[in-house]
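Pulled from Swiss-Prot:
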type	residues	note
SIGNAL	1-20	signal peptide
REGION	95-172	region 'Disordered'
COMPBIAS	163-172	compositional bias 'Low complexity'
REGION	189-213	region 'Disordered'
TRANSMEM	312-332	transmembrane segment
TOPO_DOM	333-341	topological domain 'Cytoplasmic'
TRANSMEM	342-362	transmembrane segment
TRANSMEM	410-430	transmembrane segment
TOPO_DOM	431-643	topological domain 'Cytoplasmic'
REGION	434-494	region 'Disordered'
COILED	450-475	coiled coil
MOD_RES	Ser457	phosphoserine
MOD_RES	Ser464	phosphoserine
TRANSMEM	644-664	transmembrane segment
TRANSMEM	673-693	transmembrane segment
TOPO_DOM	694-710	topological domain 'Cytoplasmic'
TRANSMEM	711-731	transmembrane segment
Amino acid sequence: MATNLSVIMILTFALWVTNPLHELQSTAAFSQTTEKINSNWESGINVDVAVTMQRHHLQQLFYRYGENDSLSVEGFRKLLQNIGIDKIKRVHIHHDHERHSDHERHSDHERHSHRGHAAAGKNSRKAFCPDLDSDNSGKNPNTSQGKGSRPAEHVNGRRNGKESASSSEVTSAVYNTVSEGTHFLETIETPKPGRRTKDINPSTPPSITEKSRVGRLSRLARRKGNDSVSEPRKSFMYSRTSNDNIQECFNATKLLTSHGMSVQALLNATEFNYLCPAIINQIDARSCLIHTASEKKAEIPPKTYSLQIAWLGGFIAISIISFLSLLGVILVPLMNRVFFKFLLSFLVALAVGTLSGDALLHLLPHSHASHHHSHSHEEPAMEMKRGPLFSHLSAQNLEESSYFDSTWKGLTALGGLYFMFLVEHVLTLIKQFKDKKKKNQKKPENDEDVESKKQLSKYESQLSTNEEKVDTGERPESYLQADSQEPSPFDSQQPTLLEEEEVMIAHAHPQEVYNEYVPRGCKNKCHSHFHDTLGQSDDLIHHHHDYHHILHHHHHQNHHPHSHSQRYSREELKDAGIATLAWMVIMGDGLHNFSDGLAIGAAFTEGLSSGLSTSVAVFCHELPHELGDFAVLLKAGMTVKQAVLYNALSAMLAYLGMATGIFIGHYAENVSMWIFALTAGLFMYVALVDMVPEMLHNDASDHGCSRWGYFFLQNAGILLGFGIMLLISIFEHKIVFRINF
């Protein structure tokens with residue numbers, strides 16, 4: 001009994017050992033049979049013809065890029081440059097990539113069309129890169145079983161054996177090559193009930209019968225069209241590379257080193273075959289192509305909202321700027337005080353900072369922009385379809401780096417402008433300080449000559465009185481009546497006659513000046529005489545102060561061109577009628593307001609932040625401008641109501657310019673970039689030519705004010721203007737305002 005039991009146990013153990021060997025032998029026999037059947041015909045491809053064409057194409061490649069049947073690194077680099085995968089490029093696209101096969105509609109220079117990744121099961125890629133089985137020594141351990149009429153299972157060999165069932169998608173064997181050169185196989189088959197699926201070698205293609213069954217099942221699944229599939233079909237490789245990792249753009253050196261090849265090695269045809277999968281993988285994964293159409297921000301409002309914001313924002317901005325003329329009514333009592341002069345100096349400096357900052361930090365970068373924000377309303381859907389990883393890399397890194405690069409360069413230009421302003425201003429202050437110090441040192445020496453100078457002064461005053469009597473018939477009565485009139489609120493803006501004689505007026509010998517200017521008048525000689533006599537002695541006091549009162553107005557006209565309250569002398573305002581002066585204000589300021597409205601309208605069509613930036617710049621430089629216009633009209637004899645009315649009429653052209661800018665920016669978006677460039681030039685001209693000289697040639701000491709106080713106040717205004725424009729430029733993409741009706 002024990003002997004029988006022992007024999008049974010031995011036989012059982014022998015059967016248990018020999019059964020796996022039998023299975024292995026049957027598996028090997030099955031593989032050999034499959035290879036013999038498909039030796040000359042693999043998945044519909046004639047191997048003999050494929051090998052012949054492979055040799056032909058290799059000969060062509062080596063003939064173009066190699067020498068003596070070998071390919072050097074330089075030749076290989078030229079090959080990569082020719083197919084466009086040697087470096088990252090930006091490709092402009094204008095359509096949505098809803099499925100991967102849509103790349104066939106690209107232009108010829110993009111050359112990355114795909115004919116459906118499911119067709120890769122026919123070993124089309126192996127026809128281009130044969131001998132893939134030379135690197136594959138292992139087998140795919142993943143298997144799939146089917147029972148009854150159960151749908152096929154999708155086995156994924158690259159995700160650690162995890163299986164995902166699908167009832168509508170059936171794919172055949174797909175060869176996938178990553179940059180490291182390791183080959184993976186994605187398989188699917190529909191076995192018969194009760195039959196166990198064997199392991200499939202990645203280098204062994206499916207048989208013809210299996211291929212036909214897979215094709216029938218694929219067509220059947222497509223006809224059924226399962227509703228559970230909610231997104232377009234993608235190949236396994238594309239979904240893997242776009243979601244799980246970032247394909248690096250390999251150049252020639254990286255491709256060689258990643259395949260274990262020396263950079264100095266000479267490649268033959270066999271070694272070049274190993275590089276084919278990596279090259280095809282980079283072309284297929286578009287590793288070296290970046291679509292600039294995906295760089296647009298998803299949070300930009302649609303164009304319909306932008307048009308509504310443009311009209312509303314432009315109307316509000318123009319209205320606020322136009323109402324600045326009413327501010328002159330409030331500031332009339334303050335115009336006689338020193339505080340108003342400090343305020344005006346700060347406003348001029350603020351205008352310089354905002355105008356130049358808007359030109360260099362906003363208008364010029366937007367005029368060089370390669371895309372327009374208004375046609376990005378379809379981009380959020382495109383970003384969602386491409387995945388969050390691609391959207392994050394393209395939208396944030398690329399756009400922010402390119403836009404902020406222009407912003408930092410503009411900020412550097414502003415730094416150079418501010419540096420030169422500081423240098424010129426500080427040198428002027430140092431020179432004035434030295435002159436004042438020398439003047440204080442000479443005072444003790446001149447004390448001895450005080451009595452003699454007093455006597456000389458009396459003699460000169462008597463002589464000037466006699467000359468003025470002679471000159472009475474040759475000059476207008478208005479010049480003589482100027483001193484007898486009641487001083488208006490605006491007369492206090494000018495320095496007194498004593499201040500003019502001591503500081504602003506260049507003194508000359510009375511007889512020479514009288515002989516030169518009395519016969520011919522001073523109408524055409526004021527400016528030249530002022531500069532010709534600027535450096536002469538100040539020992540004598542000038543005699544005809546009325547003439548130099550006119551000269552003082554011309555001095556302010558030359559050095560303060562942007563302040564309209566000092567452009568015209570009192571007699572010019574009286575001689576000109578109210579209607580003529582009103583026409584000058586309406587046309588002159590109206591043209592200026594039209595250009596401002598044009599810039600604001602075009603800027604608001606670009607976006608809310610763009611319109612806000614330009615509106616702030618226009619507001620800051622229009623504030624002293626409108627105050628000057630109001631003062632000129634009041635000085636001409638107008639009432640407050642009339643001055644407000646004429647300023648309102650000139651503001652109407654600003655609304656017309658705003659409407660023109662909105663229409664141009666909305667319907668001709670390429671023209672708006674040119675408007676931005678033109679506006680930047682206008683802003684820079686107004687800031688540097690009109691306002692900076694007024695800052696540098698201030699008459700602070702003439703009014704008993706500190707020059708250093710003016711200096712620090714002007715610096716505060718400039719830096720504040722720079723800071724406002726810089727903040728708007730940096731955070732403009734986050735300034736979003738939507739209007740829903």
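All residue numbers here begin at 1 and follow the chain in the order shown.
From the backbone N, Cα and C atoms, a Cβ is placed for every residue, glycine too.
Long-range Cβ contacts of the transmembrane segment (711-731) within its own chain (Cβ-Cβ under 8 Å, at least 6 residues beyond either end) map to 342, 345-358, 361-362, 365, 404, 407, 410-411, 414, 418, 421-422, 425, 429, 609, 612-613, 616-617, 620, 695.
Long-range contacts of the transmembrane segment (410-430) within the same chain: residues 356-357, 360-361, 364-365, 688, 692, 695-696, 707-708, 711, 714-715, 718-719, 722, 726, 729, each at least 6 residues beyond the stretch ends and with a Cβ under 8 Å from a Cβ of the stretch. Listed by sequence, the residues of this chain that lie at least six past the ends of the transmembrane segment (673-693) yet keep a Cβ under 8 A from its Cβ atoms are 348, 351-352, 355-356, 358-360, 363-364, 366-369, 372, 417, 421, 559, 561-562, 595, 598-599, 602-603, 606, 614, 617, 621, 661, 664-665.
Averaged across the topological domain 'Cytoplasmic' (333-341), the predicted model reaches a pLDDT of 71.
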